[in-house]
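These notes are about the structure you will find just below.
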Amino acid sequence: MLTQPSIKYHPAQIIDFPARTWPSKQLKAPPRWCSTDLRDGNQALANPMDHAKKMAFFKHLIECGFKEIEIAFPAASQTDFDFVRLLIEGDYIPGDVTIQVMTQSRVDLIERTIQSLVGAKKAIVHIYNATAPVFREVVFCQDKAATLELAVQGVKHIRQLCEQNPDTQWTLQYSPETFCFTEPDFALEVCEAVKKTWQPSQERPMILNLPTTVEVNTPNVFADQIEYFMTSFSSLEHITISVHPHNDRGTGVATAEMAILAGAQRVEGCLFGNGERTGNVDLVTLAMNLYSQGVHPNLNFSDIRRTVELVEECNELPVHPRHPYAGSLAFTAFSGSHQDAIKKGFAAQKSTSSTVWQIPYLPLDPKDIGCTYEEVIRVNSQSGKSGAAWLLQENHGLFLPRKLQIDFSKKVKNHTDQTGHEMPLADVWRLFRESYRLNPDDKGQMTLMDYRSHSSNGLQEIRATLRYQEKTWQLVGEGKGLLSAMLDALRKRFNWQINISDFHEHTLGQQTKSKAVSYVQIESDQVTPSFGVAIDEDSTKASLQALINACHPLYKEA
Ligand SMILES: CC(=O)SCCNC(=O)CCNC(=O)[C@H](O)C(C)(C)COP(=O)(O)OP(=O)(O)OC[C@H]1O[C@@H](n2cnc3c(N)ncnc32)[C@H](O)[C@@H]1OP(=O)(O)O
Ligand SMILES: CC(C)C(=O)C(=O)O
């Protein structure tokens, strides 16, 4: 008989710790970061990285600002062992960077690990053994005492070997693997025993790395475990408390953040959350999250696209388009109300001297990670008037008046509803030009060839030449201004009974400052209100041509 999933699992035990203080803390400083991409990330890949990939990754991690990098599990494979040798013998490790390597608590593996590090100026030797009940019982067939002894014997052996190689500055890192479902007091007991064996000091520091090897609980439970551990430990002098979250429940980032609130000083993880199963905690997200708290992360992802490219190539895994910060859609809005708010946000930001980022729906300025605003708004049938208006504004310097935005939005909607697809910028621009006759080469357009004007007795007179499909007309009209004179001329020549119901003009963006754009909407009993748009170096000509363009439903019959 199948067991119901709801009764098949037992929640992991939570810790009773009412003295917790972390919930009222804030993130105020970045942790020490350690990338485990070349070990924990690498061990989870179908095709582990070769030297070329490991080297490219290593160099990029350094460019990003990592100072501690777990580079290998040297006893795992010749490739890993040789990579450690390559970095040391080739002098590839900058003076401010410390390499870290991992080993199980087994004599032969420890010896091979230390052998790999000969000649290193500084190194962190990372030893682990699982401490949780199910691992003691099922994997190791050990009681608590034997589990503790396995850790102690491994550390003792490492210490002896380190003492034989005094030219290297050694740090011990011990991980009670499966810490998050180990009895808290037993985890403390093992770590105290490790400390006693290593005897941490200024010259010989120690890291206690507390993992959620498999996430089994909500992040607040882990935060309690960290604060309980740190407040119960004998003395943490010369000891750094590190955390190593995984992401089985999808809460790796929250787990790390709450652990920092609880006192953790160092975080291990991988770029974009690569790692066993659902991955290690994503260091890019964690770091970028700090910016939105007003904290510098001490890591540099100012060219995130390059980081994504490199990581995708080395891991042979894609970064999801919706990945926080790094995904290709991370800053993109398709939906109308989001686009409207973003557009208003940018306009407001431009008009203030404040440097504080306050753009709705965009938690981070895409420029801070080397992206542009081009991808911020994309248009499909879920978009509203602001979407297409933004594209024309950003790419063609046009600030459409509200009524024109509404009119054009209907045309865009009609198009996207029909195709069912996104409408790229080029298509939006083409539709705009066709709809409002902004197309000087278009044979279907009535063109103002030239015009002359003069004023007398408070009246403007206009004489204009128009051409449409091989025909040419001379027009004369008068009015209080040039536009009304043109209306008069059109009325006299073609019998068009029209009024101007909306008119706007502005100069075009920076590169084309000498040009002006005009937007005209006409009303008439003869046709539904329509818009015309024109661009010209002569702003008067632009407005006259825009008026003629707005008449396009009428001049088809001319
Ligand atoms: C949570 C983590 O990510 S921990 C890191 C895990 N990373 C890796 O495993 C990647 C590299 N590993 C390897 O290449 C191999 O597993 C090796 C070289 C380390 C060991 O290989 P093998 O000797 O073939 O052993 P195997 O991989 O089957 O490991 C299981 C054995 O190690 C023991 N073991 C597991 N962890 C530890 C540990 N931390 N300390 C001591 N013994 C351990 C197990 O009890 C088991 O022993 P048994 O064979 O007596 O039952
Ligand atoms: C820290 C080590 C042992 C680890 O990779 C884990 O527990 O996930």
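Cβ from N, Cα, C; glycine included.
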According to TrEMBL, His244, His246, Asn280 bind Mg(2+), and the residue from Asp40, Asp50, Asp450 that belongs to that same site is Asp40
Same-chain residues at least 6 apart in sequence with Cβ under 8 Å of the Cβ of His244 (Mg(2+) binding site), in sequence order, are Thr36, Asp40, Ser175, Asn209, Leu210, Pro211, Thr212, Thr213, Val267, Glu268, Gly269, Asn280, Val281
Near Mg(2+): residues not in Asp40, His244, His246, Asn280 with Cβ within 8 Å of the site Cβ centroid are Thr36, Pro211, Thr213, Pro245, Gly252, Glu268, Gly269, Cys270, Gly275, Glu276, Gly279, Val281
CB < 6 Å to ligand 2, subset of binding-site residues Asp40, His244, Asn280, seq order -> Asp40, His244
With neighbours defined as other CB atoms within 10 A, the best-packed of the binding-site residues Asp40, His246, Asn280 is Asn280
Secondary structure of the region 'Regulatory domain' (439-558) by DSSP, residue by residue, totals 32 helix, 55 strand, 33 coil
Per DSSP (three-state), Asp40 (Mg(2+) binding site) is helix
